[in-house]
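Enquirer: Sharing a structure, written as structure tokens. Questions coming.
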């Protein structure tokens, strides 16, 4: 097999990876420090002087981290005692082993971008963990919750649309298929709401996304949703016993999570699936990623909404969780720096879990980077090849483009895009559905 290309890294001055490490990550760290400052009185109320001291300690550790990053210091081992600490430090050793003699140590602007960016979020977690009694404070909670509240109109419109379709089994197959594609596209464009891309600034969904779908269609660069529909339709007819499990590896909380839950509800209600398994992060991650607290918080706030459609959806979703038709999982692997092709070795239990699915949907850009190994693949390399052997089950990536990595395009397609829109890879304006079917 041909050798895999080099990793994306901030060594390439002017690249998106370089600008992320140079500008966006320090901006995110500054915002985290500011968040801690603003909660000082809350920490004092809850924990007295000890809470204030903890806040000072966390800020001091985060300021040190920001300085290390901005001055391109060597990457240092983690010192906390978490379930993943040893795996992280082994991975740092592995990165060190890849360097040539004159390269020195792994560094922020030199080592693979995926590694150093994940490492930064893991160090944020370490700083909080080392500062009891505020060690369970989610520094990103505020911005995630804000995104949900600012997107109320869009969420309500989406829930109203879903409820108007019910009972979905009464619809004809063609209408179910049309709605399947529509709700998939809504889940795709929900992925635009990414707080790590906006440096933690507001990125809520205020427009009515349902009525925008027609205008957004030309921005889907690869659309393999027909293959996904064909697979689910076939599974529905042939599954023995009649059980179809769909797994969704989540990305952002807030509006995007609601679009994923609406799609999951549709899959159950249309009997295209009998159970949905969601996969989230065990720690706050990449500003807006879903943790179990976010998942439960969204369902609870939907149910408690004064808006009827939202409240009805929230109640239905709570019931799905209660009946185990919706199951939430988290696993330390999702917040490691490893590409997904390493999952069978690093997290065989998680790989075995995904193998139980009829299909696995991977939401968002970070999951795409990990699926592709965050390498400088040519634009025309087939999606299956770039997965480097990762195939626990048929899978589909649903992602808006937010980094300089894209495979599976037609010859000339990337060049045409570059000519018309030089930043097409990084703005979240374009999207893809890429499918890797049954082997």
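The first residue you see is number 1, and the count goes up from there.
Placement of Cβ uses the backbone N, Cα and C atoms for every residue, glycine included.
According to Swiss-Prot, the protein has these features:
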type: BINDING; residues: 251, 252, 289; note: Mn(2+) binding site
type: BINDING; residues: 251, 252, 365, 366, 367, 368, 369, 402; note: substrate binding site
type: BINDING; residues: 256, 289; note: S-adenosyl-L-methionine binding site
type: MOD_RES; residues: 2; note: N-acetylalanine
type: MOD_RES; residues: 4; note: phosphoserine
type: MOD_RES; residues: 40; note: N6-acetyllysine
type: MOTIF; residues: 399-402; note: motif 'Subfamily III RTxK motif'
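Structural setting of the listed features?
Expert: The Cβ neighbour count for residue 251 (Mn(2+) binding site), using a 10 Å radius over every protein chain in view, is 29. DSSP assigns residue 251 (Mn(2+) binding site) to coil in the three-state reduction, outside any helix or strand.
Every protein chain shown contributes to the tally, and the Cβ of residue 367 (substrate binding site) ends up with 21 other Cβ atoms within 10 Å.
In the three-state DSSP scheme, residue 256 (S-adenosyl-L-methionine binding site) falls into the helix class.
If you draw a 10 Å sphere around the CB of residue 4 (phosphoserine), it holds 16 other CB atoms from the protein chains shown.
Under the three-state DSSP scheme, residue 40 (N6-acetyllysine) falls in the helix class. Non-local contacts of residue 40 (N6-acetyllysine) by the CB criterion (under 8 A, 6+ apart in sequence, same chain) comprise 52, 55.
Distant neighbours of the motif 'Subfamily III RTxK motif' (399-402): 188-189, 191-192, 194, 197, 221, 362-365, 367-368, 424-432; these residues of the same chain sit at least 6 beyond its ends, with a Cβ under 8 Å from one of its Cβ atoms.
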Enquirer: Which of these recorded positions is closest to residue 368 (substrate binding site) if you go by CA atoms: 4, 251, 252, 256?
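Expert: Closest by Cα distance to residue 368 (substrate binding site) among the recorded positions 4, 251, 252, 256: 251.
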Enquirer: Quick one: of the recorded positions 4, 251, 289, which has its CA closest to the CA of residue 366 (substrate binding site)?
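Expert: It is 251, whose Cα lies nearest.
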Enquirer: Checking the contact step here: among the recorded positions 4, 251, 289, which have a Cα within 10 Å of the Cα of residue 365 (substrate binding site)?
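Expert: Within 10 Å of residue 365 (substrate binding site): 251.
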Enquirer: Return only the integer: C-alpha distance in Å from residue 4 (phosphoserine) to residue 256 (S-adenosyl-L-methionine binding site).
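Expert: With the alpha carbons as reference points, the distance is 32 Å.
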Enquirer: Would you mind sorting out which of 251, 252, 256, 289 (the binding-site residues) have a C-alpha within 10 A of the one on residue 367 (substrate binding site)?
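Expert: Those near residue 367 (substrate binding site) - Cα within 10 Å - are 251, in sequence order.
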